[in-house]
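Below you'll find the structure, written out as structure tokens, and then a few comments.
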């Protein structure tokens, strides 16, 4: 198991390196960069004063070097004008547009994004697994139809619409706060119990909005998977042994049907991040979605590079978690990897 | 006193309006007795037994009947017992052994946990683990502790079925329902599992309901027989009486269709002279071991080693062996679905003249060879695409090879359908509309569409009922005589090939261990493995029961065979010709 973990972490590091290169190349594909655009702008408007400062900054951030050198400097494998200072050294770069270090701007945002997505992920599984299982076992009953109905609505309703509806009625009838991820007075404050409480109540609506469609999809698939498993011979064996129905279903077919969903944890993370852009805009959530969109548009490369890399890390961690869970849950995978590792 | 179980007038139907699929079935069974429910697929034998413990599929409905069972707490009617009360009987008092041990066991739970679960759900007082180990020992696990902690996929097929039997025995049941308990096993394994069931039945005075299609199994196991056909009892009575003097015509047909080994023939000569359509020598296939991320790859697997075969035009060579013997790999190599290891020679001589080595063919040459060599697969349910109509299935090979125009191809498809005994009017139907035997006929028609000279049949009848099997075999022989086909016939069942083959090759672990014509192989088997195979084939004759000593001597690892047949540290002795045309792998 430890050998397997080391192996997985090793491949993860290599994957991350490949992704960082890919990300950097892609965000540099559009011609020009933030500073060269600024310079062109200033030339057009005749602002000679700023041009020299901008050119200095180009040199300071090595934007005048070839892309591969820029990349190596970015990740910290090559010394820049100020020595080694890149991702490996914990320096995530400078946002040209906001004129502050990237980490200052997105540090809390990244954490909040992770929290929102984690909450949505938990919501997806907590809601979808029991509902899907009940729908499969009671296939054709009212509860199956009800679950299907809710599922279809979840799939068919655009997220931002659901967000607006929930915000309006949530605020009116349940006093659920509308918009944002915390009360205004806590913004920029250090973490405290009051702030945490505020974040949690603000999380309710976004979690439901972001998670609903994914939950509906998971529910439909679990229902189908479980219905396939329910009539397998090993379930009949359990019946013939006299195992009571609920215990029987949970212990045998449900466990068999769960594998694909465990494997999906990693895939759900990026889906949720990109899917939440629209919702974040509508609900003015300080998550990475809108930040990414904006920085890509203004070619603020270090900013967008960091956000894309962060999402990749989320995905990789999600996949690591699913792989570890699979190994723990399924002896077939466990014993195969043991045989390989040993 | 009443017998342990009395079933009266049992009727089952699907849905509210459908005709009953089981009607008026009655039988009685006492402790220590084994009752065989015999029938072909669809006869209702499994439904009848499953109804007794409430395991009917959801769509099936009980129409009428009583099943009085002498339970520990007094007599109960199993068919009218409320679910919780029935659950208390299940597993503990009445247990079940299933057909397919791999799918009947959960792959995610250890054997010990699955066996012990029976005790746990029924509130066993005492150490569950001790009792489980005791039962695992009783059903013949060499190392009960290891079996207890193993997962089912770590066990061989025979051991898995022993685990299923342990699960049925652990609660000390009064009645065991065994649903085709050995059908999924190799013959030699089947023999040992049957012996185990017999011993357990005797030691524990069990009442056993044995569901089977195999009269050979019946002859070895049952005290009494109930023959079912289309849900009705055709005949019931003592085992030896029903098998030796069947009263009902259906039983007579069933007994006649059961494969038996031929009585030893006097003649045992060399192969007849003729021009070989296919001569194979030095054929090997090695699959590379699993590659691993770290460390060297797993050792390669030798599926077939140094195989040789000579098929004369218009004749049939049978390759016989158990699962893992390499027989299907041989089929794949001859059809060139797989590429053999270098050094093989497979010379094919088409009727038009000339010869070519097919072991290295590729591209257009391979495509041309495929016109001459076609294959019939084991499972007609899986071999035909459910999304193609029979017409499309039959014309597709013609299209691929660009033969004829649309109308000609359709005419050819119609002719093929008629040729295999089906109506050309059914060409528009899809495979699901046909029974297993009909599907296999379609599969054979598809193989014949290109008018091949060479037909490879990979277990063409093992998925079929016995009576259907006899029909399909007869049809193959007829087609062979008519079309001058040369056949390679792959099977796990010696008795099946004894009638159709001109020459038999017995394989074990990738190597041929004995080769000869049927009279030689059956009349004077020399190799211990061949003897084990013959001894392990159950015959529908209560006078000739399985000889387990012969089975045990030959069914083990090749290293354990007695001299001069045993392999020494994996090195096999060569094939020796002990009589003209009769070869045995033995140290000279």
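Keep in mind that glycine also has a Cβ here, set from the backbone N, Cα and C atoms.
In TrEMBL, annotation is done automatically, which means it is predicted and not curated.
Looking at A:34-56, A:149-171, the range annotated in TrEMBL as transmembrane segment turns out to be A:149-171. Recorded stretches compared: A:71-90, A:110-137, A:149-171, A:301-329; the one with the most Cβ pairs under 8 Å to the transmembrane segment (A:199-219) is A:110-137. Only residues 6 or more beyond the boundaries of the transmembrane segment (A:71-90), in the same chain, are considered here, and those with a CB under 8 A from a CB of the stretch are 17, 20-21, 24-25, 59-62, 65, 302, 305, 309. Within the chain carrying the transmembrane segment (A:301-329), a Cβ under 8 angstroms from the stretch's Cβ atoms is held by residues 1, 4-5, 8-9, 12, 15-16, 19-20, 23-24, 27-28, 33-34, 61, 74, 87, 92-98, 102-103, 105-106, 110, 113-114, 117, 255, 258-259, 262-270, 273-274, 288, 291-292, 295, 337, all 6 or more beyond its ends.
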